[in-house]
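Student: Encoded as structure tokens, here's the structure I'll be asking about.
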Ligand SMILES: Nc1ncnc2c1ncn2[C@@H]1O[C@H](COP(=O)(O)OP(=O)(O)OP(=O)(O)O)[C@@H](O)[C@H]1O
Ligand SMILES: [Mn+2]
């Protein structure tokens, strides 16, 4: 069932994304002059769509390794002073990643789908991200830094491949151009600003050891001693987004202009059959939620969440996930509603719903 209110939410989102304008210079100019406390990057009046179009098409000036982190990725300088992070495709959409919630390589489509998901859920502290195919021999090799060239190797079939520079990068784990000579990946707009990094209170141990949040029923109380309500509400918003795509790897978070950024979203969409509930621990342990997040969640019920993501991503002609994954997101959304219901029953809605500031 669809409500009128849902149509207006969807129409508003369409107006952010359905932009045919491709004046790259002018959208980069808008970004450079962006000084707003409402979102990480401009999004109104088609800006979101224009940024994605620019990320997909802007000419490449320089390609380098991006050595921070465990996953292979590139830092690409575009004509006109903007940069992007390029997380290459490592899996097909139908591949199932078995194992724990942080198993496997990053999924490039998870970065992109999470961007749309966050925008639909009105979480605007995220960098625009879009699928881009880059011609290896025309657009990477001629612009590669010496450092990047040193982390390339010839495959058995004779093509040049990249193994990159990162914590988990290994010379036999390469990314190679496809039969068209292209490498597909997520092009993520680079935030060239200073931000602070914090450890997530709900991070995993990445070993057999149990973390405080896994054993302590009063864990949220401890968190409230160090973090204010606004920060906790932000972390809860993020845990909902992470739960919907099953990203279980939110070990740290970055803060910019007092807002928690949704950065590093590549560990979602691994297994459409899994609903690991503990990703939602911030929500069910603290049992608070911002009013506005709840309103937004209610406004995307009944299938409209994934319908809207599909619609917005269709403007670039890309399929971001299989139907199994979209069904899984809708199924998990029902579990989010049920978790909020549990909190209301436990504490009463007056205690659950909070204002963000
Ligand atoms: N869009 C961005 N703009 C600027 N900096 C970014 C952006 N995305 C990520 N970073 C920074 O780069 C670092 C590495 O990126 P990211 O976390 O995506 O890589 P990763 O390989 O998945 O790392 P990890 O293995 O620690 O999860 C992050 O710590 C973050 O500070
Ligand atoms: Mn990561």
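Keep in mind that glycine also has a Cβ here, set from the backbone N, Cα and C atoms.
Predicted, not measured: the structure shown is a model, and the values here were computed from it.
This is the feature table in TrEMBL:
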type	residues	note
ACT_SITE	249	active site
BINDING	71, 87, 188, 189, 190, 191, 254, 264	ATP binding site
BINDING	106, 264	Mn(2+) binding site
DOMAIN	154-352	domain 'FAM20 C-terminal'
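How buried are these features, and what lies next to them?
Tutor: DSSP assigns residue 249 (active site) to coil in the three-state reduction, placing it in neither a helix nor a strand.
Within 10 Å of the Cβ of residue 71 (ATP binding site) there are 19 other Cβ atoms, across all protein chains.
According to DSSP, residue 264 (ATP binding site) sits in a coil region rather than a helix or strand. Non-local contacts of residue 264 (ATP binding site) by the CB criterion (under 8 A, 6+ apart in sequence, same chain) comprise 69, 249, 250.
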Student: How many whole Å apart are the CA atoms of residue 254 (ATP binding site) and residue 106 (Mn(2+) binding site)?
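Tutor: Residue 254 (ATP binding site) and residue 106 (Mn(2+) binding site) have their Cα atoms 19 Å apart.
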Student: Taking the Cβ of residue 106 (Mn(2+) binding site) as the centre, how many other Cβ atoms fall within a 10 Å radius?
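Tutor: The answer is 26.
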Student: With an 8 Å cut-off on Cβ-Cβ distance and a minimum sequence separation of at least 6, pull the same-chain contacts of residue 190 (ATP binding site), or say none.
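Tutor: Counting only residues 6 or more apart in sequence, the Cβ neighbours of residue 190 (ATP binding site) under 8 Å are 75, 82, 83, 84, 85, 127.
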Student: Counting only other Cβ atoms and using a 10 Å cut-off, which of the binding-site residues 188, 189 scores lowest?
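Tutor: Fewest other Cβ atoms within 10 Å, among the binding-site residues 188, 189, is found for 189.
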